[in-house]
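Chemist: First, the structure itself, so that you have it in front of you.
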Amino acid sequence: MRRKIVAGNYKMNLNPAEVAELFDGITDYHFIEENKEMKVFPPFIYLSEALAKLGKSPITVGAQNGYFEAKGAFTGEISMAQLKAFEVESVLVGHSERREIFGEDNAIIKKKVDAALAEGLEVIFCCGEPLEVREEGTQKDFVIKQLEESLFHLSAEQMKNVVIAYEPIWAIGTGKTASSAQADEMHKDIRAAIAGKYSEDVAQSTSILYGGSVKPDNAVELFACENVDGGLVGGACLKAADFIAIANAL
Ligand SMILES: O=C(CO)COP(=O)(O)O
């Protein structure tokens, strides 16, 4: 059975008091069913507190980014090796904001995927098309190319440590979510590409999350789709009650 996951990407938000309140608000959350998971991705400066407060709960703590070199003169970066040594469990790789604002291309993202997996971190691999591509109708080719160039060099064994998050860029932070039919169709295409590259078995066991304006009031419909295994949530994860409501929709 595929793991169902709700993950919260805090992005560059929250001051120390706000983040403390948010951790306190979710720390007692327990899923009743075993194949469901909650993950949080706070800014680096709050990872220590997240691990202290949430580390003993079933909630897993991840980082929003990591560099592929293990150490050295890379001012401002934090390596996958450092994250692992810090007991962080997973890392977002390939988020559209990293791609668009910080110029990360498929080749850089591939190196980050490799570095994270080599350290034993779980990779939440983000993919998704910009609006122009959706309007042209070539979104499937665009997303599959992202997978082919940054992910599909992995072995089937390595894929066990990868979760895919499909986040159409036009739906991120815009309040304009993909319809459940659009999300399910892309997730189905991604799953078919994994089956083609690896096997039906790998495809059926890879969790694929949807991200882009997930809210308590659209989560139930999105998560009910056959190929949607949960969500990567931005804005709505910053309020404990909303994040928990979304988790309850899994
Ligand atoms: O980018 C996202 C999560 O990584 C989605 O952000 P929003 O939920 O704010 O649209």
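Glycine too: its Cβ is placed from the backbone N, Cα and C atoms.
Caution: TrEMBL annotation is automatic and unverified by curators.
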Chemist: Of the candidates Gly55, Gly66, Gly173, which does TrEMBL annotate as part of the substrate site that also includes Asn9, Tyr10, Lys11, Ser213, Gly234, Gly235?
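Modeler: When TrEMBL describes the substrate site, the candidate it includes is Gly173.
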Chemist: For His95 (active site, electrophile), which residues of its chain lie six or more apart in sequence with Cβ-Cβ distance below 8 Å?
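Modeler: Asn9, Gln64, Asn65, Cys126, Glu167 - these are the non-local Cβ neighbours of His95 (active site, electrophile), listed in sequence order.
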Chemist: Quick check: with Asn9, Tyr10, Lys11, Gly173, Ser213, Gly234, Gly235 left out, which same-chain residues have Cβ atoms within 8 Å of the centroid of the substrate site Cβ atoms?
Modeler: Asn13, Ile172, Val233, Ala236, Cys237, Leu238
